[in-house]
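See below for the structure under consideration.
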Amino acid sequence: MSDKPTDKRCTLRDIRHWARDDHKFPMITCYDATTARHLYEGGCRVMLVGDTAAQMILGHDSTLPVPCEFMIQLTAAVRRGAPKALIMGDMPFGSYQCSDDDAMKNACRFLSHGNADLVKLEVDMTHAPLVHRMTHAGIPVVAHIGSRPQTVRAMGGFLSSGRTKRVADILIETAETMIAHGAAALLVEAVPDEVTERIVAAAKQPGSGRPVPVIGCGAGPAAHGHVVVFHDIFGLSDWQPPFAKPIYNMGEKIQEAGAKWVELVESGRYLRDGGPYTMLDES
């Protein structure tokens, strides 16, 4: 799967098959068409247009301030860059909390205007009716459980989850409830591996018993797939979580290239030959 991608479009069916076959799959955040194109050519077939754009693109200190329309536009851009990737649109804070009707309208726009394949929303047990309604409207839902960054104000910071038996049991129950209400996949963030193992074991489609894909974000090796933030593993962020240490220092390379550009201009060597354009002969 890490080989060059084929001409076949990646779909929800593919990640279901990978989960069934215990074939680990990577997912990475992406926010623009150019990066999406290069990631797809590198073999990344599953991309999350995450609300982390608030931090990585807009410079905020949390995911909360990013507008829904902005997220939809980013999702559409990633689709244009990687037309055959599986694209997950991340519903930002405020796009589904106010009312289920608003949530439905916004989710529909992620699919119709953003051209997303799925939408992701951070959930607890109270979101079960919304997941059910979206699913029956033809909107594939990824239920995000565990640590939920959109609750950062209520929690007083970014916290891990599921580290006590009581909370772990709640997460298992939430996972089972989301699946029973139609969730197409689960995303589990910042929980111990033992909890992820229990969630994977419980994540079965009603009736068929086939696995429901479980994507981990710093949730141990048991998940079917794993997601990290692009800027973290490419060395572009000032701080990385312990599960997403850089595999390449792109930030350093950009600084080096920037310094070369500054030197080229300040030295007077840039376009010293006059440049590529000449006056037309009008005779």
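Yeah, the Cβs are placed from backbone N, Cα and C, and that goes for glycine too.
Record features, source TrEMBL:
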- Glu189: active site, proton acceptor (ACT_SITE)
- Asp51, Asp90, Glu122: Mg(2+) binding site (BINDING)
- Asp51, Thr52, Asp90, Lys120: 3-methyl-2-oxobutanoate binding site (BINDING)
Number of other Cβ atoms within 10 Å of the Cβ of Glu189 (active site, proton acceptor) across all protein chains: 23
From recorded positions Asp51, Asp90, Glu189, the one whose Cα lies nearest Lys120 (3-methyl-2-oxobutanoate binding site): Asp90
Asp51, Asp90, Glu122 excluded, remaining Cβ within 8 Å of their centroid (Mg(2+)): Gly50, Thr63, Met91, Pro92, Phe93, Lys120, Leu121, His144, Pro149, Gln150
Integer Cα-Cα distance in angstrom, Glu189 (active site, proton acceptor) to Glu122 (Mg(2+) binding site): 10
Three-state secondary structure, Thr52 (3-methyl-2-oxobutanoate binding site) (per DSSP): coil
Which same-chain residues, if any, lie at least 6 apart from Thr52 (3-methyl-2-oxobutanoate binding site) yet have Cβ under 8 Å of it: Thr29, Thr63, Asp90, Val229, His231
Surrounding CB atoms that lie within 10 Å of the CB of Lys120 (3-methyl-2-oxobutanoate binding site), all protein chains: 25
Of Asp51, Asp90, Glu122 (the binding-site residues), the residue whose Cβ has the fewest other Cβ atoms within 10 Å: Glu122
